[in-house]
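Positions annotated as ATP binding site by TrEMBL: 163, 164, 165, 166, 167, 168, 169, 170. For 916-1099, 1321-1362, 1408-1435, the entry in TrEMBL reads coiled coil. Positions annotated as compositional bias 'Polar residues' by TrEMBL: 1117-1131. Residues or ranges marked as compositional bias 'Basic and acidic residues' by TrEMBL: 1137-1148, 1170-1196. According to TrEMBL, the feature domain 'Myosin N-terminal SH3-like' maps to 8-60. Annotated domain 'Myosin motor' per TrEMBL: 69-764, in sequence order. Residues annotated as domain 'Dilute' in TrEMBL: 1530-1806. Positions annotated as region 'Disordered' by TrEMBL: 600-635, 1107-1148, 1170-1203. Taken from TrEMBL, the feature region 'Actin-binding' covers 644-666.
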């Protein structure tokens, strides 16, 4: 491709710049071959002429398209060169805040100098199991790749972390080890991973220090091998250290510190245990104050000391050893303060009683004089003599510092050795991952021996890195079958030879150290003579003879020769060491020096390295006598070279992974990028070399599918073939003419550098042309739309104008017509008003005249009426007067006449009285008459006397009255005189009246004035009142306003209180959920520990059982003791049954006899209970008879009922007698025959006994049920018979009557009594009727039951007569007939209630299915038995003869005795299941351990195992057997745990037992007898409640078990869904063609094109359907299904969002559309399953908002406000992360500006949310189990034969 095609107008290039290293510019015109100058325009708008180099004629490097800027992998860039790499790193670091970037196989890590939330456990979980290219670059991705390759390739791995001091090497290595510790876990109980991590604080405290470039700089190199077992779990670790900077102990440069441990000791000096160390401030000690910076900002040395001590404790360093370490360190500090006094130029001495030396000697436990002597002297040994020579003050100070360095170095080695011992693996190591944290390339103003060794090590590492990169490139080319051409790369072997070869720098240095008078100057001269002008990499500075320059791979470094020899020798006087070794008070100190001669390196933690292939330590050769001193004097350079060779051997034997740490600036500013420093480090660490190697070949690599998807737009329809590979070849041949620019591999297309950019340019041009065409079409369409819209608008305007004119004309016509109408009505109104006025006047006149005439007429009529009235009264008076006169006259005449007639009669009587005859007639009764007359006379006399008295009294009163009248007359006379006087006074009074009238006129005038004033006052008052009213209205309005405000405030307060209440309620709910979650997490942890305990116990048992092959121990021997749910139950384990069955038969006889005695005792108890019932029945009969005497209407009914009860009682008595007789006979038989052969288990008598005992127990249970039924009937009858006449007591009535003395009270009492009697009679009649109805229904039921019983007995007799083959068919036929009859009966019964009938039909179908299954299985059983009978028939015939000879006579007699099945009446089942104690393990085995959900359990009633277990618990409760209840429940819980432990990864199994555990829990609640759980029970179900035991504690245990099963279910479905989520929700293109594929680098991501093995969204939905159908099939509670679905959706949302936040390539507009579509499909699934109210949709809200965030506009402040309000479910960190990661897929999309992200951060500053970036995908919502009662009747449950529970019988 010609340069003219790329260097066109508007193309962007990079030009060198002294400040920014590289600057971007744009071409102003096309480049033509031969041009010497390029016309450029910089980004700030300045034009520039760039001159080309005439010699090389190289054009400036081209800039990558914006779409490729910010890529995760630098090798994905189309143009691979230094400015592109630098710019990409800067954009990612500054704009996107991303510190990690791939560069091929290298991870580039830039130190942010800020704590970032990207290293939490959630991030570790997100990277675990992911491919390295699938996630954004991270140190965890490198660690995961190493861990995965170790497991996959069975090859040891190494992670090489390098970089400058302060670049973050130690932190990166620390995070890599944390990843391994978290992901792999520990294989032992010692928590090795914690110990591995705990080694970091110790090594940092003793090996790290503050430098000018880094506050926590590692001053040594270390290689940590983390060992793994065969299951790839951490089992141990081993650490090797390299080149500790000992000189820092005695000297620190300005602004630097000594090792951290010294400052930690000084900060903790006040602690009681440190008082003996006599420490103080760090500024007091010479060794800690030289740098002048004893404090690091943000670091608390005292707290760090606590962490260091805790880490030492965790690693097994005891407190005594820790105090010994601290004593040595304190001694070093005090030794640094030791001063010397010069005596002369060649000698010195220590001041007497020098306090620092005294403290040092006390701490070290050595003699003061001896130490002081050898600090100032040295021993010289010659061949013949030994001299003690004093040394000068300078030499003494150097010797003191050398001793301090040596002590510290040995202490460092001792600590490393103990750390390695603590981390040593207890089991065999299978593989390891090594983490190398080593110093990077260093160059300072003054470079000494340490920098030389560091750079030497980096040369070796760089060589290994180059070879590995070259090897990988070659392997890739060979794999794809591309012609391999040798790529020239930089080989730094000459530089390594210069340093380590024969006569190299190190060799000459060692030789000079051996010379007696060797010096740095002479060594420098040797270097010049040997290498100057002979080696191109060696130079001599111009102005110095004590320095030399070496050209390293990174840069030239000038080394100062001063100090090289001394540091290489590392001289320490032996006498001082011997003094320290002689310490007897301090045992630790001699340990530091005891193995000194064996140490290979002064800073090596082990005697040798570890050979990686064999993983065994290399033992040094045995030293010959006399060689100890020689070994001890091995130089530091030689030791370092050997250890470096061992390290390189280890690295070459492993698969390396590279992490290059970059220091962005020298000032430790967060997120500040210095281009110059970055370029230096990129050149030094080999990143650019990787780029150069990649660029030399084919750096850009695409799969055929990716290339086709990306560049489909460049193909025509005819170019697309079925074969993608051929299609790509055809297209590329047309697009790129030069075939050398690309190569076709087996699976990929390889491009030269720049070709992808060229293809992107062609693609962009094609898309731009397509966009122009689309724009042209759209604009034409828009203009046409605009024209049609304008034309339509013009027509509309015309229509409206014309309409307006027409409306105006119409309006004029309407107005004219209206005016005429108005005139008409106006004129009519005037005339009408005049007429009405005249008519009104006329009417008024007529009214006045007529009124006058009427009034006159009325006056006349009134006068006439009054005259008539006067006449009426006068005439009436005259008539009455005339009548009275006539009446008076008539009465007078009558009186006169009657007087005359009376006189005549009197005369006649007198004549008759005188006659004798008359006298004789009257003589009869004369005496009586005389007596009467005499009495009358007496009475008349009395009356006469009384009249006389009255008369006298009247006379007296008359006289008094006359006196009064006389007095009145006198008084009247006096009054007459007074009247005369009064007339005179009247005259005077009239005069006075005249005067008063005058005064009256005056007062009237005054009154008028007063009235006028009053009117005025009234008017004023009215005005005042009106004003007051107005004020009152205003006050009322104000009052109403205030009331309204008060009401509003009250409403607001109420609303705020309600809101607060709602918030508090929500908070309480959250607290409850948190507490529930905490409890369930504790349960989860407990179950995990329990499983761990089980595993350990299994391993221990396995280890114990190895030396004893005869004894086999299983889990059953301790399973009941392991569980926290064991309640000291007696469980018979299934594994022990065979052993127990082999015991002698004599041991079983006592057990059976005890069973027999228990039955006998039970019979006596039942007899006693029967007797008590009999007594109670007799008493009730007596009461009934008394009631019968009072109530004459009820005797027939009560008699029949009593007769029935007596019959039942007699029947019970007879049955009990029979049972008692049978038991006595059996007892006699047992006592008479005591021979062991008779009572043996196989004997006939024994069999008969067992059969009879079982039949007796069954009969006893039946009779007990009948007794209970009779007792319930008696109680109900007692309540019905009890009289309720509470007010008819005779005594009370008599007392009340006696109290009532008044007749009225007695009458009222009588009336009340009558009303009470009526009420009682009505109640009695109603009760009587209801009782009669109940009796009739009961009689009907009894009759039907009797008939049914008879029919059953007849059928049973008939069946017994049938052959065995026909019995089953007949019984089934009978059962079908009975069910048909019941069906007809229930059809009639439930005709009005279709729901009940439907439930009945369902239960009927289930029973029919069970019957059919039984029929089929029994047919199979019959066929098998027939075959077996035929086979065994001959054998039985042959054995009969032998058996008859061996049988005793007693046995022959007992042989015909066989148990007879006595047919009895069919009884109602009570919903209980009976089993024998020894069958418990069989029950658990068949029902729990061996039950498979996919097999038999699919066809069962949902929850059938739970119902069966509960019915067994009910029977044990019925028997009041607490041991049986406890044993069954414990075995059930342990059995479920065993099943889940064995098949815990099977979703169906876990779902099945979660459903059954919940159902069992609900049954325990429903039938517990507690009122809260019995609300929905039927009366029959309430009868089935537990009676003897409260199982609330077991309910809690089952609830905990259900929680554990639920959590296991969540883990299972999470493991199933986890591989599908990322592929289906993110990577797969559900909407094809929306998103394109961007160019990728070496780390290929998973393709979004769906292959055969790729999961899609349909895969997820199918899996969800499978989960839902399984849970529904198992009958799981709907609420529990909702919680499971909510948890599943949370996992989907969390995993998807977490991957979105960690994948830059997924954060685009098109991917947001894909995610929203996928979420809508999941919501549609929820709607289909009616699960929208489960809360599952809400768990997807963060993912929905993240997808919306990818699609919304991200430019203006309004957009920022909309984003802040929309993304309320995302945290601030997540929003900012998505915005930072947002990447345009096409050039037409725009990036998010940094200013916009800052605006978002400012707006979200006040939001209080979690700083955590990722969602917790392992979070499990707290589960609840709402009570869900079952409507299924227990007595209707049938046990299928397929379960193998034939030993259980229904009760």
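Positions of Cβ are set from backbone N, Cα and C atoms, glycine also.
Unlike curated records, TrEMBL annotations are generated automatically.
Each residue of the domain 'Myosin N-terminal SH3-like' (8-60) gets a DSSP state, and the totals for helix, strand and coil are 0 helix, 24 strand, 29 coil. Sequence-distant neighbours of residue 168 (ATP binding site) (same chain, 6+ residues apart, CB-CB distance under 8 A): 109, 111, 661, 663. Fewest other C-beta atoms within 10 Å: among the binding-site residues 166, 167, that description fits 166. In sequence order, 111, 214, 217, 218, 440, 661, 663 are the same-chain residues whose CB sits within 8 A of the CB centroid of 163, 164, 165, 166, 167, 168, 169, 170, the residues recorded for ATP being left out. Within its own chain, residue 164 (ATP binding site) has 213, 440, 441, 442, 661, 663, 681, 684 as residues 6 or more apart in sequence whose C-beta sits under 8 angstroms from its own. The Cβ of residue 163 (ATP binding site) lies under 8 Å from the Cβ of 109, 169, 440, 660, 661, 662, 663, 681, 685, each of which sits 6+ residues away along the same chain. Its Cβ taken as reference, residue 170 (ATP binding site) is surrounded by 23 other Cβ atoms within 10 Å in the chains shown. Taking the Cβ of residue 165 (ATP binding site) as reference, residues of its chain lying under 8 Å away and at least six apart in sequence are, in sequence order, 211, 213, 214, 217, 218, 439, 440, 442. Per-residue pLDDT, averaged along the coiled coil (916-1099), amounts to 82 for this model. Around residue 169 (ATP binding site), taking its Cβ as the centre, 28 other Cβ atoms fall within 10 Å, counting all chains.
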